[in-house]
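Lifted from TrEMBL, the feature list:
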COMPBIAS  1-13  compositional bias 'Low complexity'
REGION    1-22  region 'Disordered'
BINDING   ARG83, GLN101, ARG106  substrate binding site
ACT_SITE  HIS184  active site
ACT_SITE  GLU288  active site
Amino acid sequence: MAAAPATAGRAASPSPPPQLPSPFAELVKTPSGLEKVVLRGARNCCAEVYLYGGQVTSWKNDNGEELLFLSSKAIFKPPKAIRGGIPICFPQFGTHGNLEQHGFARNRFWAIDSNPPPLPVNPAIKAFVDLILKPSDEDLKIWPHSFEFRLRVALGPSGDLSLTSRIRNTNKDGRPFSYTFAYHTYFSVSDISEVRVEGLETMDYLDNLKAKERFTEQGDAIVFETEVDKVYLAAPSKIAIIDHEKKKTFVVTKEGLPDAVVWNPWDKKAKAMQDFGDGEYKNMLCVEPAAVEKPITLKPGEEWKGRLALSAVPSSYCSGQLDPLKVLQG
């Protein structure tokens, strides 16, 4: 992931700390000097969200097991983006535009939104935080559009994690704007060679390793033997990531995001990244709900909502296959 210009982004406010609406959320200052919100659920379930990037960096189940990948070489020093967790790619995914790779939202300081517009929620969800990002003067120079980006990160009673994004066009000059988007989710896996992804069979995809050429996926499920960087188009609302060694399945549910990116850098690219361990590609996989092929366009006053929900469940097997009725259609 590319770094942002050091001049961009808003500095954290020195005013009194904002009030968190949930008693199950705590604002903590980290050794790096950056602030994060810790969400605490039932038993040992928890999640951590940095104000820098509005980025989830940790999600643990009720056994205290980390479910997201965070590189041991991740750099917690602006303007570098944090390698791992769930970076937010906005207003551009990858190199699909003229901005720096993956846009600028992931290396800006977000603010806690203590009074967000109402958002329908499950009343059983007690641990959540609302964040907001607005463009700085520097941002407006590189992307001349006014917006409000509201993000709610919530930890459900069973340990499920959800991210709900609301982006509103606040331009005063009547201009619409268009953007691409992704939740760049890094999953922690036991061994990439023991992982399969189900739900994307027979889908068309753009291969970023072949100049975004379009292909159709072959085979029963996606397995990994080399570098992968694909954008699956019109992907289903549920995708399953099956970790055979851990006998665990991640269920990715997406709303408002038609595409799904699958990425693993493999060995050569891993060695070329300063903030990524040489062998860490074996223990991570990115499956990213996204809007890439067709940018989202908002007129002034219009708002878009996109949601990601993650759960981790024991794998169900039948001749080595995931039971699709239990996960993909459940």
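Placed from the backbone N, Cα and C atoms, the Cβ positions cover glycine too.
Contacts of GLU288 (active site) defined by a Cβ separation under 8 A and a same-chain sequence distance of 6+ are given as CYS89, ALA182, TYR183, HIS184, THR185, ALA260, VAL261, VAL262, TRP263, in order along the sequence.
Between the two most distant C-alpha atoms of the annotated substrate binders (ARG83, GLN101, ARG106) there are 14 Å.
The binding-site residues examined here are ARG83, GLN101; by Cβ neighbour count within 10 Å, the least packed of them is GLN101.
For ARG106 (substrate binding site), the count of additional Cβ atoms within 10 Å of its Cβ stands at 22 [all protein chains shown]. Cβ-based neighbour count (10 Å, all protein chains) for HIS184 (active site) stands at 24.
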